[in-house]
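To keep things clear, I will list the structure first and then write my remarks on it.
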């Protein structure tokens, strides 16, 4: 889609035959994820099952005219035996999904060779967070179970790998803790982060691997150092539970979404609140309940950092441009729970309470040279370092996203 067009529904995936026993409370798609290289899609389709689907989708799912745009020659592996769709039976309701970065560093392979008792996780892997507090680690190419991580006392709600490829995994749980695991060391638990008073819903690691954001059923958001695993600051500003968070691709912005119907954009380095995006209700609520019909479920950045997608309880997927205070596009979706962008842009995947996944067109734009320069600089300069540069004030404001 061009900027300003409404998202089009490209495809919808539905679970196979429903289970014979009535297990309605476990059919939700709580999580959807693309592998960082864009070659796989993972879908928690309910009833303890995760589907691993090679991407792009087979032609039968996609309307004519779109496949040419979405397919890239490097993903076209037909001549070498295409990867096959896999079904992972996790044995428990699946809440969180995360792919490892790809590929793993070569040093990892050497380490495995000298320690044959350790599973080889130099392949692309998928972590699944389960209802009983377990985390299962799977090899994507074969669908084999590699590791089982135990430690959490309740539902593992969200998972996040460090983007650097170090195979450090962060898990967020209803037991009110976050845990740090090193998959290079047989899944050893290296840290427990405590401090939240409510269930932890979401965890997100900044692309520069310096910060971790966690959102629990609280009004404040916690920012942690990924170097020392200590609390840097709490971000205060929401009026109700924060349920989702994401960093921009250059780590310079953090967005948080709350049941209070707003998304707040923060400078994670200074803790400054840069702007709020309000999800206006289409009709007034029927009662004075705390949870509004516009309660947010999920927020995510697009891969180039110019757009956001949000899913709310008012049956809408919204797409926002970074510079504007109102959405640029809407799509009708019922019972939405989660959303994520395809890593190369152009597609948004959303999951629903009914166990379905929908794929939507997302804006395709060429980033301006100004934005590309900002993104490149902010990938390694903190806000304080930018403010110390001997450059005009207007350039500083642009580089620190204060020109909204």
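Using the three backbone atoms N, Cα and C, a Cβ is placed for every residue, glycine included.
Because the structure is a prediction, the values reported are computed rather than measured.
Annotation source TrEMBL lists region 'Disordered' at 68-87.
Residues or ranges marked as repeat 'WD' by TrEMBL: 126-148 (among others). With DSSP classes pooled into helix, strand and coil, the tally for the repeat 'WD' (126-148) is 0 helix, 14 strand, 9 coil.
Helix, strand and coil content of the repeat 'WD' (149-184), in residues and according to DSSP, is 2 helix, 18 strand, 16 coil. The annotation repeat 'WD' is assigned in TrEMBL to 149-184 (among others).
According to TrEMBL, the repeat 'WD' annotation covers 193-234 (among others). Outside the repeat 'WD' (193-234), and at least 6 residues removed from its termini, the chain residues within Cβ reach (under 8 Å) are 154-155, 157-164, 166, 168, 170-174, 176-180, 240-251, 254, 256, 258, 266, 268, 271, 379-380.
The repeat 'WD' feature in TrEMBL is assigned to 235-276 (among others). Below 8 angstroms of C-beta separation, residues 198, 201-208, 210-211, 213-223, 290-292, 294-301, 303-305, 308, 310, 312, 320, 325, 374-376, 378-379, 382-384, 400-402, 404 of the same chain, each at least six residues beyond the ends of the repeat 'WD' (235-276), sit close to that stretch.
Counting residues of the repeat 'WD' (289-323) by DSSP class, helix then strand then coil, yields 0 helix, 18 strand, 17 coil. Look at TrEMBL and you will find 289-323 (among others) tagged as repeat 'WD'.
Within the chain carrying the domain 'SOCS box' (368-404), a Cβ under 8 angstroms from the stretch's Cβ atoms is held by residues 207-208, 249-253, 265, 267, 269-270, 274-275, 304-306, 322-323, 325, all 6 or more beyond its ends. Residues or ranges marked as domain 'SOCS box' by TrEMBL: 368-404.
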Beyond the flanks of the repeat 'WD' (149-184) by at least 6 residues, Cβ under 8 Å: 31, 36, 95-105, 108, 111, 121, 125, 127-137, 190-194, 196-205, 207, 209, 212, 214, 216, 224, 226, 229
